[in-house]
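Note sheet for the following structure.
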């Protein structure tokens, strides 16, 4: 069961789950109330989850027993349903159990009326039989009626689902898939005819004849095509250099200019495949069937050759020239079986899929049938060249494949112990470079400023703050925009009508998440220096007629607020201060109500006090002196009777009450403040975890704390309890929620200057200190140390894959770096970064780019790629392929993974074939190119023209 993490954190406070929350344990004002999962759900939907939610950050997973206990104690918010999810086993050969947070949404309809579509959600573990039973139930199909189920593609393409025991995962059903149920005719025939294919090429697809529409990019027109020849392929057309759909045979497509249909959040996979497809050495290897003789079916680390075979079939379809888009369902299914993290239809990371594919293809095609055990050695002062050769030879003894030939390089890792200065040098192979980007130093936050002036609406601001900063930085930035002094601000996080958190000035901004509602309150006092006043959090509660709704017989509503009050005060005075604070959205008494003497409320919102913004500050000398006099007059006397107290209260605060719009005998038609007026609300103090503290005796209206009774402090909460009828008549919910927007909300920061790709490479090779959570074990000290670490490039492969690390994660936030990276199309010179003294010129040309548009956890992936046959650039966006120019590719904030091919491996066709006999490795590790037969005996020791690692 899913529980909103914010509700769960509130519950932890209430029960004192963590030691630092013990002081709030049992406090009614941190009582979590009914379980509220509204923050996880799409607006207006009781079951659809928001996209891209993250475990423990957005929600908490609870087992059935734990969920049932919480519901029995706190109930579930009215109108909500439990968010129950199954634990399913994912993967075919590599299996693991996982909570299936996101269900697969299927669209269900009848064959006779496909316009009547009903949406239902199913688990990937549900079977076709389960789905069919649900559809029969939805459309009231009699039990004796024979039915069959179809998987509907496009507008007139159908595939029978005739294996009732198959799961949704095994059947390859994806998000938004349309399923059609068909009922048998009375004469024993089927409306759609026989389900057996009419020809071998039909591959279990059924199609209806359609008149071919005119060529168009319109999606509806694209759907009106027939499927032939392949269970992978959907037909295509070519028009105006934009490749989408057409009937096969009518047009010949340029090989490789083939899109991939989106199966539901699979654009990440499509982008990765397009980049690999346009890597010439790899594609030629599969198109020429060289992979078949190298399939390794017995490798325990491999996938029994299934990934390689499935990938080969897909590549052949994409480069056949018959289709301009194919549907990679079979390949997606194979990937999901071996890598369960990719088995669903949630958005995934393109680079993570690339890493899996390269590793999976390598193990499926590994020429090493039995891997020997190899003892890894440290350099121990030996020359780098010797250690590098040894490391590469050891690597080839266990790893020898087309992937190693094309993508593997070698870098040097140097660790230095801070205690004993021990130096550890190792050489490690890599398949791609993950380059850090210069971190953004700033972030923007949207906050609401609540002024002291009770008539002023909250103002929404957008502030720019240091990414690694504290709350004081936020207040300083907000002060510059609002004019309110930073030391007069208190920053809070409001959630579910209560203060979820009140921040200290030194707390880190990283604890504020993007979805938090941050309210900043302007206060009149210095909370660290003022000893006579205290800032009290106030929340609003509505008394419930049915006390079973919540623990306290009331429910929270509206926005809580902060108020500064004297530590020594009177109940009536406190009531008036609270009423004044809410005067913008608490309606005034009518003349008739006031004449009846029924309510104690403000006559109007006129405020003519002598404090800032027309407010009489709750700490002014006149007010404080009066309180002190009142204290002195009552300390050594018996408490007065109610009537006496009413008269004595008239003198409390003098005429200041009248001047500041607070109720007095004059402003309330001569009615006394106490004893005769019914108030709009009552209030209760909750202090240090104690509930309903009765420091105020029934026979007095004076609030006073002496040594025997604790004074109000920052741990005190004040709850204002409203009768439902009075709330309905006098509390204006709309006015209470109203706010204004500052011009900063519309502000868009200027575009930041770009960084060059070489800057990122330099950052990658910069010395860094290991973190406390990732120490290195020093063999000399026999302890884990925060050593310094430096990576250097020793040799580079024929195809260099560069991953730009745009995504960052922390405990409180996720972020995507939109840094503009400038990278060259041609002549990327990597020689300056190679520390191998034998390495010569090493230049690369760009061949493909994977792009990511959007923010963290979502967005869309596309790809740019250079076609190896015509040398032109194309843009791949799922099933669509169009021409592209170089200006679209470079200096982008969207570029995520770059593919570079070394120039000495490029021929006129864009591919320099790799020779199986020439990749024995030592020369690759040292950067010495293998010599031709003609000059192999000449100048064996000449290393002047040595190049970086290659294997041809």
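Including glycine, each Cβ sits where the backbone N, Cα and C put it.
Annotations in TrEMBL come from automatic prediction, not curation.
Because the structure is a prediction, the values reported are computed rather than measured.
Checked against TrEMBL, the range among 891-921, 922-952 recorded as region 'Disordered' is 922-952.
TrEMBL lists region 'Disordered' at one of the ranges 186-207, 208-229, 230-251, namely 186-207. Ranges compared are 554-609, 610-665, 666-721, and TrEMBL records region 'Disordered' for 610-665. Taking DSSP states H, G and I as helix and E and B as strand, the domain 'DUSP' (1-88) has 34 helix, 13 strand, 41 coil. When pLDDT values are averaged over the domain 'DUSP' (1-88), the model yields 83.
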